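Worksheet: one structure, shown below.
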Amino acid sequence: MDLGELDGDSTGRCRLNSPVPAVCRKEPCVLGVDEAGRGPVLGPMVYAICYCPLSRLAHLEALKVADSKTLSESERDRLFVKMEEDRDFVGWALDVLSPNLISTSMLGRVKYNLNSLSHDTATGLVQYALDQGVKVAQVFVDTVGPPDTYQARLQEQFPGIEVTVKAKADALYPVVSAASICAKVARDQAVKNWHFVEKLQDLDADYGSGYPNDPKTKAWLRKHVEPVFGFPQFVRFSWRTAQSILEKEAEGVLWEDSPTGDQEGSGRIMSYFSKGPRTHPHLPHRYFQERGLESATTF
């Protein structure tokens, strides 16, 4: 699997896909959707689809695909190679979302939460298969959030397709298991071969599982936090684990329009309209201070 596009630009997203089997453009197909790397504080999240003709679903099942979390790395790699060998009837596509994209989406002025990002990515991959000419008749999805709401949304988006959204779909439907394997193989490869654009001293790849509760991951984050610029782009800044370390280890920032003097933080907005004395008087904006302007008390 060639992730060279991600190495060239690890700030956004990249899409990879196999050739579309000719039979998938002629016969009704079943398509599965799953992801890998939703929870870790390190590395990308990868969404994947896998599809094959309904008439060949038994052949996909015969590969003994299973939920990728129940398989070893070597077993996942072996099954992915097998699917590649069967590309005359099996197709797949991936959307690799970088940690930087995830963080900037979640921390932007207009919030774009992880569930919405996941739903839109899955929807985009199904549409991508349709745009490539795949005759999608059934879609099975491993849920993110309430399955009924998610299913209704997908069904509205694709009214001519039978959509099923279930919790643990990767353990229930072989085509979702196959998508799970594709996603996990791609994420493992991306994490293992991550191209760090930052010049980090004593860089090591011993960052554990990448999950927030892993002591080894936390130790790696503390080691590689930069007091001014924060973490390398391999880290999801939007995760609470990363934010907690930044609050303790990074330098504080005084923005140009921040209050000056000994004021302790900014009060609730309604406090500016309250009657009576203020414990911490509100200082006027720098614009008014520089021009010697004061609030009018009489008219």
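Count begins at 1; order follows the chain as displayed.
In case you wondered, yes, glycine gets a Cβ from its N, Cα and C as well.
Because TrEMBL annotations are produced automatically, they should be read as predictions rather than curated entries.
Residues annotated as divalent metal cation binding site in TrEMBL: D34, E35, D142. Long-range neighbours of D34 (divalent metal cation binding site) (same chain, six or more residues apart, CB within less than 8 Å of its CB): Y47, A48, S68, V141, D142, A169, D170, V176, S177, A179, S180, A183.
Residues annotated as domain 'RNase H type-2' in TrEMBL: 28-251.
Around E35 (divalent metal cation binding site), the same-chain residues at least 6 positions away in sequence with a Cβ under 8 Å from its Cβ are M45, V46, Y47, A48, S118, T121, A122, D142, V144, A183. One way to see the shell of the divalent metal cation site is to take the Cβ centroid of D34, E35, D142; the remaining same-chain residues with a Cβ within 8 Å of it are V33, A36, Y47, A48, A122, V141, V144, A169, D170, V176, A179, S180, A183.
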